[in-house]
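Colleague: One structure coming up, written as structure tokens, with questions to follow.
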């Protein structure tokens, strides 16, 4: 405190920070990147452990015997699904009733803002079927959910068969203290969204659905099951939910513990755990796994049906069965025993999962990186913005140097005008509003005048508006009374830097992965851009580090991480698909990534683009 309260020492500290501002910023940036890359090194991570005593202090014996019968039920379900050309509602109702469940259905309708060309749908109509096993030993105030989506073709038939087999087996047990809801949802996430909205009496997306006739207790946890083969080689755990939300870490720990106990090969991000962490290949494998989680979390989209449960504070995950060329094989009976063990442990919960972490990264299923370890990497990048803001503030408040004749510079003595600073702020955000609203509103007009589909019209309109924003400096200066002053761009940059610092900080608190990726690209832009740097080279760098190009590079990087590299043409098509899916995810499920980029990140980047061309 003495350092800051003493005017002389404070002035010396400020002088040191401004004099060494550029070197300190470079060191902070490199340190932030190095810190993040070091998070995957096993000695720097924590080993997973069970924090919830109700799940870790008791042992259960798994006895599920009916794996072959479940497969037979799955084949019967597949036959009825093919005959009905969709969800076999009547057959499912009769089958669940025969297993002693209270069975109910829910119909729903959803018209998409524009056709989803990936899944070839526009007007979606479907029915959810669910059965409730009432708790025989409790007042039925809490519930658990096991769901399996009714996927098109031959996908996920085995999961529905196993779900029905577990329902019959659970019905004969007497130790359940929570209701267990067995849900078969149609049209994947859309059906799950309709069911969750009906269950919780909310309608946040404007979907039409029929009210639920039967409800259980307050849902404590949920698992979504995806199996498309009679025999699997490994089980993959999917955690990433809507807007980067993650379930409580104890749910992942529970899955890993039972995989170890029963002897099931388990993966995360589709990658097996390796023990050679001290080798280059082992460290590279851990970095690859962690980066896949970062990329998926940053996308903001739910990567499984479980992702929509998290917005209702329900801990949920998706378990996917993988059938690869590995020699290790697991049958359906073993998977059923694993699920039985997990649900018996969840049945012991006296309160919601809360004792473990909600913010974490996982380089493997046995190790995790907590928020206290990965936030300093973002903090080192964010401090660069504060240092640049301090340097600009000192330049603005420093008295002007007098000339030899003792007269101060008149331009520096005058305070900056409001109009030159306010105009780019307003125009930038109006451009962002246009980017957010117009693509969907103008799709009909674009289809009438150009030979494109509705989806292509939306995506190409968004790209056109984004590109048109590059003309912002010319439009801005036409509105100004005269040319901008030296103080004008410094004030504008000070506002833009502080704006970016607050924006990235708030984003990182909600979705660290998205905030960190944006910081990696936008912080260098905020640090170096001035009107006095070479225009052509700086404009090229700004475009390369813009949000649109960051998304394009992320598409190629994600494919490389998945070991499925694509050509530039394939990557470009994927890029267009990602844009359309981002807009759809916002309209259908409430994903916040698209409005964040359009309304806040892109206008902020336009401010730095305006500073570069300041006159």
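Including glycine, each Cβ sits where the backbone N, Cα and C put it.
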Colleague: Give the range, chosen from 536-558, 559-581, that TrEMBL lists as transmembrane segment.
Modeller: 536-558
Colleague: Between the stretches 20-41, 371-390, 418-438, 496-529, which wins on the count of C-beta pairs under 8 angstroms to the transmembrane segment (592-614)?
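Modeller: Per the Cβ under 8 Å count, 418-438.
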Colleague: As a test: from 371-390, 496-529, 536-558, pick the stretch that has the greatest number of Cβ pairs under 8 Å with the transmembrane segment (20-41).
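Modeller: Answer is 371-390, with the largest number of Cβ pairs below 8 Å.
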Colleague: Do any residues, 6 or more residues outside the transmembrane segment (536-558), come within under 8 Å Cβ-to-Cβ of it, and if so which ones?
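Modeller: 292, 295, 298, 463, 466, 470, 517-518, 521-522, 524-525, 528-529, 565-566, 571, 574-575, 578-579, 597, 601-602, 605, 608-609, 612.
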Colleague: State the non-local partners of the transmembrane segment (371-390) in its own chain: residues 6+ outside its ends, Cβ under 8 Å from one of its Cβ atoms.
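Modeller: That would be 14, 17-18, 21, 24-25, 28-29, 31-33, 35-36, 39, 44-46, 357, 359-361, 494, 497-498, 500-501, 504-505, 508, 512, 515-516, 519-520, 523, 526-527.
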